[in-house]
Every structure is written in C-alpha cells, then in structure tokens.
Protein chains: 4
Amino acid sequence: MPAQDPLTIGGRTFTSRLMLGTGKFCDFGVMREALEASGTQIVTVAIRRVELSAPGHAGLLDALDLDRYQLLPNTAGCRTAEEAVRVARLARAATGVNWVKLEVIPDARWLLPDPVGTLRAAETLVGDGFTVLPYVQPDAVLARALERAGCATVMPLASPIGSGRGLRTGELLRTVLDGATVPIVVDAGLGVPSDAAQALEGGADAVLVNTAIAEAHDPVGMAHAFALGVQAGRAAFLAGRMAEREGASPSSPVVGVPRLPDPEAVDVG
Amino acid sequence: MPAQDPLTIGGRTFTSRLMLGTGKFCDFGVMREALEASGTQIVTVAIRRVELSAPGHAGLLDALDLDRYQLLPNTAGCRTAEEAVRVARLARAATGVNWVKLEVIPDARWLLPDPVGTLRAAETLVGDGFTVLPYVQPDAVLARALERAGCATVMPLASPIGSGRGLRTGELLRTVLDGATVPIVVDAGLGVPSDAAQALEGGADAVLVNTAIAEAHDPVGMAHAFALGVQAGRAAFLAGRMAEREGASPSSPVVGVPRLPDPEAVDVG
Amino acid sequence: MPAQDPLTIGGRTFTSRLMLGTGKFCDFGVMREALEASGTQIVTVAIRRVELSAPGHAGLLDALDLDRYQLLPNTAGCRTAEEAVRVARLARAATGVNWVKLEVIPDARWLLPDPVGTLRAAETLVGDGFTVLPYVQPDAVLARALERAGCATVMPLASPIGSGRGLRTGELLRTVLDGATVPIVVDAGLGVPSDAAQALEGGADAVLVNTAIAEAHDPVGMAHAFALGVQAGRAAFLAGRMAEREGASPSSPVVGVPRLPDPEAVDVG
Amino acid sequence: MPAQDPLTIGGRTFTSRLMLGTGKFCDFGVMREALEASGTQIVTVAIRRVELSAPGHAGLLDALDLDRYQLLPNTAGCRTAEEAVRVARLARAATGVNWVKLEVIPDARWLLPDPVGTLRAAETLVGDGFTVLPYVQPDAVLARALERAGCATVMPLASPIGSGRGLRTGELLRTVLDGATVPIVVDAGLGVPSDAAQALEGGADAVLVNTAIAEAHDPVGMAHAFALGVQAGRAAFLAGRMAEREGASPSSPVVGVPRLPDPEAVDVG
C-alpha cells in the first residue's frame with residue numbers, strides 16, 4: 001500500500017507517515033533502534049539542544065544516519081518569532097538542511113504556540129526559502145493563513161506536548177482537516193498507537209511522536225507499535241469506515257429463518 | 001512478535017488476535033478475501049443462517065476453508081438458554097466442531113445478552129464438553145462466574161452489535177480485565193481499527209469484528225487495517241505505555257542551554 | 001415545576017429527584033446540614049454501619065429526622081443474596097421501614113454487584129413485601145428482569161462507587177432507559193453536579209449521591225449544587241433539547257442583509 | 001450565594017453568569033419570556049440583523065427591556081477586523097452602548113474566528129474606549145494577548161456555533177483558564193445545561209447560550225434549565241469537588257464491623 005499512497009511534503013515523497021522526535025531518549029543507542037523500528041523517514045531535532053558548536057562533542061546529529069532520514073531541525077525553546085527565525089537560520093547554516101519545524105512557544109507551562117508569532121515567523125522563513133512545518137493549536141483559520149503563506153504542512157497539537165493524553169482536540173482537528181490544502185500532521189500529546197490511528201482515520205496525513213516512544217517501558221517495541229498504528233489508521237481511512245448507527249444491527253440476520261423445534265426437548269441444568 | 005506472544009484458547013494456540021464474523025458480507029468472494037487480508041484464525045458463523053439442511057445449498061460453510069480457520073459456531077438469534085443449548089448441539093452435530101460462541105439475546109432492539117440465561121447455558125454446555133466463548137455485557141462479577149463455570153473466554157461488548165460506535169464501555173471493561181483468568185475478547189460495536197487497538201492497549205487479549213469490515217467501503221482493505229490495528233494495540237500493551245501527565249513536558253529540554261545572541265540582529269518581516 | 005412533575009416510587013410521591021447517602025460524612029452535624037441543603041427526601045443508610053444493637057449508642061439513625069426523610073436502609077457489605085436478605089429483614093425489624101436498597105456485592109475491589117444474586121434476592125424480598133431498589137450494573141436485560149420481579153426502581157451505576165469519575169456508562173445507560181417501566185435511579189460514581197444533570201437530561205428519573213457531597217471541600221455547598229444540577233437536568237429533559245448538528249449554524253443569520261459600506265474608510269491600528 | 005459571588009465585567013457587576021443570544025428565536029414574545037426565565041443580565045444582539053435604519057421597523061431592540069439588560073452588541077457577519085471595527089462603531093452610535101462582543105469570522109462553514117484579525121480589532125476597539133468581549137478559539141496564548149490588549153473578557157468556544165455538541169474543547173479550555181486575569185466566558189456550542197455546568201465547574205466564569213435555548217422544544221423551560229445548570233456549576237466550583245479515584249471506595253465502610261450471624265438461618269427462594 002505505501003508505494004501507491006505516498007505522502008508528499010515540500011516536494012519530497014515519503015512512504016512512512018510517522019515522524020519521530022529525538023528529545024527524550026535516554027541514550028543514543030536506544031534512539032537509533034527506535035528510529036529503525038518505527039520505519040520513520042523524518043526526524044526532528046531541537047537545534048538548541050544539539051550544541052552545534054561544542055568542541056569535540058559527539059552529539060545527537062552524529063548519532064543520526066542522515067542518509068536515511070530527512071532531518072527536520074526545530075526551534076524548540078524559542079519564545080518569539082525573532083528567536084525562531086534566528087535559530088532556523090543557524091540550523092540551516094550548520095546542517096545544510098532548509099526544512100524547519102517552526103515552534104514559537106512563549107508559554108512555559110503548557111508549551112502552547114503563539115498564533116500571531118508563528119504566522120509572522122512562517123512568512124519570513126518561507127520568504128527565506130525554507131520548507132516550513134509550523135506547530136500550532138488546532139485553529140482552522142490560522143491553518144488556512146499558514147497555507148496561504150506557503151507552509152509545507154500544518155502541525156496541530158493533540159494535547160499538550162509530552163502529556164500523552166491523546167487526541168483530545170478532535171472537535172477542532174476536523175475543522176482543520178476540512179478543506180486543507182497541505183498535509184496536516186498531528187503533533188504533540190499522542191500517548192498510544194490508537195491515538196495515532198484515530199488521527200489518521202479522521203483524515204490527518206501523518207503524526208509526529210516523541211515522548212510516547214521515548215518514555216515507554218520498551219521504546220523500541222513502542223516505536224514498532226506506533227508504526228503499525230499509523231499504517232492501520234491510514235489503511236482504514238483509505239478503506240472508508242462503516243457509518244455509525246445509534247442502535248444495534250444484527251450481524252447474523254434471522255429474519256425469515258424458521259424457528260427450531262420445541263425447546264422442551266432440551267435439558268438445561 | 002506473534003511467535004513469542006501466542007493467544008491460547010481452549011488448549012489451541014493462535015498468533016492472530018483478530019476474530020472475524022461472517023454475517024454481513026455481501027458475497028462469499030469478498031468474505032474470503034477479507035478473511036485472508038485480516039490474518040484471522042478464528043471465524044464465527046451463525047448456525048441458523050447456515051441452513052445446514054438445505055439440499056444442494058452451496059452455503060457459507062462451503063465457502064470457508066476450514067483447514068485454515070478455527071470454526072466458531074455461534075447461537076445468534078437464540079433468545080433463551082434452552083434455545084442456545086439446542087442450537088449449539090445442532091451445530092456440533094452438523095460440523096463436528098465443539099466450540100461455541102454463546103449468544104443468549106432476548107432483546108431484539110439492542111441485541112443485549114441475558115446474564116442469567118448466558119451463565120446457565122454456559123454451565124450446561126461446559127458440562128457437555130463444549131469450549132464455550134460467551135458474549136456478555138462488561139460485567140466483572142458475571143465474567144468471574146463464567147470463568148468459574150469453565151468458559152474458555154469472556155467476550156464483553158464495546159457498544160451495541162453492529163453500531164460501530166467503538167469502545168464506549170471502557171470504564172467497565174477495565175473491571176472485567178482486572179483479575180481475569182481467561183482471555184478477554186472484546187466483541188461487538190468496534191467501528192475502526194483504533195477502537196481495536198485501544199482495547200488491546202488496555203489489556204484485552206483479542207477482538208472480534210464483523211460489521212466494521214463487511215460494511216466498509218472496501219472490506220478487504222479494512223480487514224487489513226484491523227489486522228494492523230490489533231497488532232499495534234498488542235505491541236503497545238507489551239511495550240508498556242508512558243504515564244499520562246496533566247500538563248506539558250518539553251520534548252526538548254532547554255534548561256541550562258545558554259540563550260542565543262541578541263535578537264535585534266534578526267530581521268523579521 | 002416539582003409540584004407538576006412528581007417522582008413516584010413504591011406508591012410514594014417525591015418532589016426531589018436527588019437521593020443522598022450517609023456513609024462518608026465526617027460528623028453528623030455536617031451531614032444534617034448537607035441533607036437540608038440538598039432538598040433530598042430519601043436517605044440511604046447502611047444497616048451494618050448503624051450498629052443498631054450497640055447499647056447507649058447515639059447513632060446515625062438518631063441523627064436523622066425521620067419525619068422529614070424516607071429512610072432507605074441498604075445492604076452494603078453483603079456479599080451474597082442470603083446475607084442481603086437477612087440484613088434487609090433485620091433492618092425492617094429494627095426500623096419499621098420496609099424499603100431496601102439492595103446491594104449484593106461480592107467484589108471487594110471494584111464494589112460491583114452480582115447480577116444473579118441481586119435478582120434472586122430481589123425476588124425473595126419482593127415476595128416478603130419489601131419495596132426493593134436494587135443496585136446494578138447498567139444491564140438492560142437484567143433491569144427488565146428486576147422490573148418483572150416487582151422492583152420499585154432499578155439503580156444502575158455511573159462508575160465505581162466512590163470514584164467520582166462521572167457518567168462513564170452512558171452508552172449502556174441509554175439501553176436501560178429505553179423501555180423502562182419503573183424509575184431509573186443512577187447510583188454510584190457521580191462526581192459533580194454536571195454528571196447528575198447529564199443523567200437526568202438523558203432520561204434518568206433520579207440520582208443517588210454520597211461521596212461527591214461528603215468529600216467536597218464544602219459538603220453543604222456541594223449538596224446545594226447537586227440539588228440545582230438535578231433540577232437543571234430534569235427541567236432540560238422536560239423542555240426537550242435541540243438537535244445536535246455536525247457543523248456550525250449561525251446564531252445571527254446574515255443572509256440577505258446588505259453588506260455595509262466600503263471598509264477603506266475604517267482605520268484599524 | 002450570588003450576592004457574595006458577583007461577576008464583574010468592564011466595571012459592572014452581575015449576579016447572573018448566563019448570557020443570552022437573541023439570534024434564533026422564532027418570535028419576540030418567546031424571546032422575552034426566555035430572557036426572563038433565564039435570569040440573564042447580559043443580552044447580545046447582532047447589529048447587522050437589527051436593521052437599525054429600517055424606517056418604521058419595530059425591531060429586536062424595541063423588544064428588549066434595555067433597563068433590565070446590559071445590551072451587548074455583536075459583530076456577527078463580519079469577516080475582517082476592519083468590518084468588525086466599523087460595525088462596532090455603528091452599533092455604539094446607534095445604541096449608545098460601548099460594549100461589543102467582537103466576532104471576526106472569515107470562515108462561513110465552521111464559523112471560526114480569526115485569531116490575528118480578532119487581536120487587531122480588539123486593540124483598535126479598546127483604544128476607542130470600547131469594553132471588548134472577543135469570541136475566540138480556546139487558545140491560551142491568544143487569550144493572554146487579548147488580556148494584555150485590555151479586553152474585558154475572553155470568550156472561547158465549546159464547539160462550533162449552533163452545533164449543540166457541548167464542551168468538546170475542555171482540554172484546551174483548561175489552558176485558557178489557567179492564569180487568566182479576566183473573566184472567561186464559554187461561548188458557542190453548548191447544547192444542554194450539563195454542558196454549562198461542566199464549564200463553570202472547571203472554572204469558567206460564565207457562559208453564553210443562544211441556539212440551545214431558542215431551538216429547544218420549550219425555549220422558556222430550557223432557559224430556566226440553563227439558569228439552574230449555571231448556578232449548579234458555579235456552586236460546585238466554589239464548594240470544591242472531591243478528588244477522582246481510579247477505583248472504588250465504599251460509601252459505607254464495613255471494616256471492623258462484626259459479621260452477622262450464620263446465613264443458614266435465612267431462606268432465599
């Protein structure tokens with residue numbers, strides 16, 4: 001199925017619909033195995049955390065096989081449009097990659113993005129030639145504005161970053177999906193594969209997961225589980241779900257089937 | 001993973017945790033393809049519907065490759081314990097299979113099972129040497145009684161049969177799972193693969209699906225999607241999910257990371 | 001409104017649809033004030049807890065003004081039908097009240113009732129002339145059997161006793177409500193007044209609350225809040241709710257309204 | 001309770017926490033009765049709909065007793081900040097009221113507000129001396145920006161306008177409530193009083209309802225039901241809810257209570 005159902009972002013085509021974050025793994029070995037088990041093709045890295053300039057630092061970027069993955073630098077930790085633009089440019093200069101997951105997060109408690117600052121930074125970065133994937137609240141009007149600004153995707157949150165509370169914004173997500181002209185990637189808050197499947201079943205194009213994999217008891221096993229969940233959700237979306245019914249509907253209709261002989265003959269203890 | 005994580009019911013071992021119903025497929029060809037795509041190993045058939053005695057009838061049973069699947073005759077359409085016992089015995093006589101999915105359903109509107117009648121019929125059928133898989137409401141006290149009576153599984157409903165409303169009984173399902181000594185198979189009401197994944201993630205051992213596959217726009221594609229969803233849910237259960245948090249937790253901690261240079265140097269449009 | 005919309009149970013008529021439990025109050029003074037603030041007319045008491053025979057015991061029953069409230073002795077702590085029947089008879093002998101809230105709870109962990117034992121005890125107690133209000137899981141088939149046995153109400157749980165998790169069994173509750181011939185009283189698990197309102201809006205006839213009031217920071221204030229919530233839910237049920245829509249519908253239609261003059265004239269900062 | 005628990009908006013104090021819309025009533029008589037039954041003190045009116053300049057028009061404003069209600073003109077139907085500012089000024093000129101419910105809604109399908117345009121218009125209108133109550137998505141960062149801009153409240157939606165789907169944005173609403181410095185008024189999508197109660201229980205300061213009352217079978221009865229629901233929710237918030245438990249907790253502890261005599265003596269049918 002993947003071969004016939006590619007995901008295209010910024011002119012590149014992917015067969016996996018599961019993006020992974022790298023921020024919470026306890027060690028690089030587990031991280032590499034989890035990336036492998038997930039089948040991901042897009043990996044996001046917080047540039048501030050990479051400490052690009054640290055001398056002799058065997059850092060995160062060295063631990064990633066960049067021939068296999070589309071590197072997606074992100075601007076985590078940036079509180080304003082200005083900071084995010086600066087970090088995006090530093091990231092491009094250091095890595096040669098012009099993709100950026102744009103995060104403008106003034107709110108330290110809930111880690112919620114700033115709609116106005118995100119839109120402003122996105123306009124600037126698109127103008128700079130970046131492929132921009134902005135992290136946003138599930139706001140359909142903002143999503144449309146980001147599309148018009150030239151963003152490559154829109155990435156609405158499922159619940160607060162790192163909370164693992166699952167898809168709690170479904171009511172608004174459906175408004176973001178309705179009429180979207182770029183891929184919608186559900187980002188933040190997914191806790192288990194069924195959350196990811198649910199997002200894809202509803203029409204989301206992909207998901208991004210970090211904490212739910214890194215903090216699982218077995219991160220590699222969970223990475224595989226998310227891979228399956230994403231495939232399940234996409235396959236279901238393509239297959240077209242049944243209509244819900246208010247009431248019951250017999251799986252095995254017995255209308256017209258003659259009743260069997262008299263029950264008296266049967267001995268029930 | 002399946003090889004190391006078998007499901008054992010009535011002394012038989014299975015690698016698939018997805019059981020399929022056959023009652024709603026529009027034609028036998030699609031049904032066979034869907035069974036194939038689902039990877040199922042256990043297939044339930046309503047004995048009343050099979051019209052066992054119809055002369056020259058190229059029926060449902062003939063359409064099933066019984067070397068590949070564990071046939072699970074069910075007593076759909078039976079309203080009392082007595083009827084269900086009788087149909088189970090007829091089914092065994094006709095098919096040579098001594099497994100039975102026990103349905104005692106007096107309620108034509110919601111197709112809900114009778115707890116008292118189900119327990120009574122289960123006791124009789126276990127005494128008769130049947131491997132009994134009873135369909136029940138998610139009632140933990142009843143589930144324990146059915147286990148004590150010698151049932152091979154307990155099969156609580158997710159929502160009304162054929163409704164596709166998903167796992168709406170999770171609050172009670174967790175009480176059924178807590179302390180279960182036989183496999184718990186969530187049956188009835190699942191609408192999409194994320195519903196199945198959610199059941200497995202929560203600790204259910206397997207699911208049974210019929211309408212959600214048969215009534216999908218593409219039943220074969222949906223059968224495959226459910227196979228993936230079930231695998232995702234089981235893999236996640238084994239991998240051990242992250243703990244939920246009330247609030248946010250940064251994926252990319254920036255504590256201790258020096259702030260970058262002065263933002264004035266950056267030009268944002 | 002109450003005067004025109006009475007609740008009738010066992011031939012007695014009530015204007016309040018909020019029953020209260022007494023088991024968790026820290027002192028009798030707070031309990032009495034909370035009962036007053038709730039406007040309740042039916043109060044349940046665990047007979048075992050009352051220590052009827054304790055010499056010189058100024059107990060719970062003395063703290064209740066039994067002229068104001070219908071006393072509803074309950075069989076909390078009984079694990080079998082036999083025990084429950086015995087406690088009900090003791091309660092009647094000691095109090096002169098022939099109402100009983102029937103609890104047959106073999107499960108110490110989740111405090112879930114036994115469907116088979118509850119039905120059996122109910123049949124015995126109805127035969128003994130009791131007005132029987134059985135506590136059950138939200139099982140419509142069992143509910144109908146209890147009605148046929150002559151029970152005065154059926155009392156399905158919202159979530160586990162004392163959990164405060166709210167109405168998590170709505171999917172099954174609607175099947176219990178559909179076709180009920182006695183009042184349905186939602187019992188156990190309600191945490192806040194909106195839970196009670198939701199139950200009444202859906203058609204439940206009354207609710208029983210204990211822990212959510214007794215364990216509130218201000219039990220008397222919360223008793224009043226529940227009284228209002230129950231009235232709100234009942235009033236909404238009688239008023240007939242709007243139909244839900246999938247999408248939006250303008251509150252203030254502007255179709256046909258001429259657009260205002262040219263926006264250029266307006267100065268926006 | 002209201003006397004000790006006032007709601008203050010724009011320097012005015014209210015005892016009711018239920019605001020009403022006027023857009024969907026079938027006739028002015030029912031509207032007036034519903035306003036009365038609701039106990040509301042703040043009534044919103046779409047200025048475009050009022051047709052202020054229609055000669056000889058006995059319009060909506062004439063039907064309202066403006067001595068009793070704080071009139072809250074709204075900018076429904078405005079797609080841009082510019083339009084909204086213009087309509088707000090027209091409304092003030094025509095009515096003498098300088099309050100405005102600010103709606104900037106470019107999206108005709110879901111009727112979702114524009115975060116950027118709303119913030120811009122709010123800044124302008126505050127500068128003009130208006131008391132501004134902006135309608136927004138439940139975006140905490142935007143809410144804080146609107147507070148800093150001098151808005152009198154923030155009005156996040158529960159679900160799409162007129163949908164009656166209830167409080168589906170609770171996950172984000174709690175982030176809006178956390179740290180709010182002005183009253184938070186939940187607006188749009190509430191369908192039944194339990195929805196309103198739930199919003200207030202969670203800490204919202206008030207709600208605004210229109211369709212759920214106007215489209216009820218009995219609008220006057222439903223207005224009263226919402227009044228009760230809002231009071232219930234506020235009273236519960238002030239009383240402090242119990243903590244939720246994962247499992248059960250007996251209402252009537254029986255620890256230490258001696259078991260009753262031997263059950264053999266009891267005859268159960």
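Count begins at 1; order follows the chain as displayed.
Cβ atoms here come from the backbone N, Cα and C positions, even for glycine.
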Which residue of D:Gly162, D:Gly170, D:Gly229, D:Gly233 does TrEMBL report at the same 1-deoxy-D-xylulose 5-phosphate site as D:Ala188, D:Gly189, D:Asn210, D:Thr211? D:Gly162
What whole-number value in Å do you get for the largest C-alpha pair distance within D:Gly162, D:Ala188, D:Gly189, D:Asn210, D:Thr211, the residues recorded as binding 1-deoxy-D-xylulose 5-phosphate? 9
Determine the Cβ neighbour count for D:Lys101 (active site, schiff-base intermediate with DXP): the number of other Cβ atoms within 10 Å of its Cβ. 28
With an 8 Å cut-off on Cβ-Cβ distance and a minimum sequence separation of at least 6, pull the same-chain contacts of D:Gly189 (1-deoxy-D-xylulose 5-phosphate binding site), or say none. D:Leu157, D:Ala158, D:Ser159, D:Pro160, D:Ile161, D:Gly162, D:Ser163, D:Gly164, D:Arg165, D:Gly166, D:Leu167, D:Arg168, D:Asp195
What is the pLDDT of the domain 'Thiazole synthase ThiG' (D:8-253) when averaged and given as a whole number? 92
Between the C-alpha atoms of D:Thr211 (1-deoxy-D-xylulose 5-phosphate binding site) and D:Lys101 (active site, schiff-base intermediate with DXP), the distance in angstrom, to the nearest integer, is 17
Cβ neighbour count within 10 Å of D:Gly162 (1-deoxy-D-xylulose 5-phosphate binding site): 26
Which whole-number value in Å describes the distance between the Cα atoms of D:Ala188 (1-deoxy-D-xylulose 5-phosphate binding site) and D:Lys101 (active site, schiff-base intermediate with DXP)? 13
Where does D:Lys101 (active site, schiff-base intermediate with DXP) sit by DSSP, helix, strand or coil? strand
With every protein chain in view, how many other Cβ atoms are within 10 Å of the Cβ of D:Thr211 (1-deoxy-D-xylulose 5-phosphate binding site)? 24
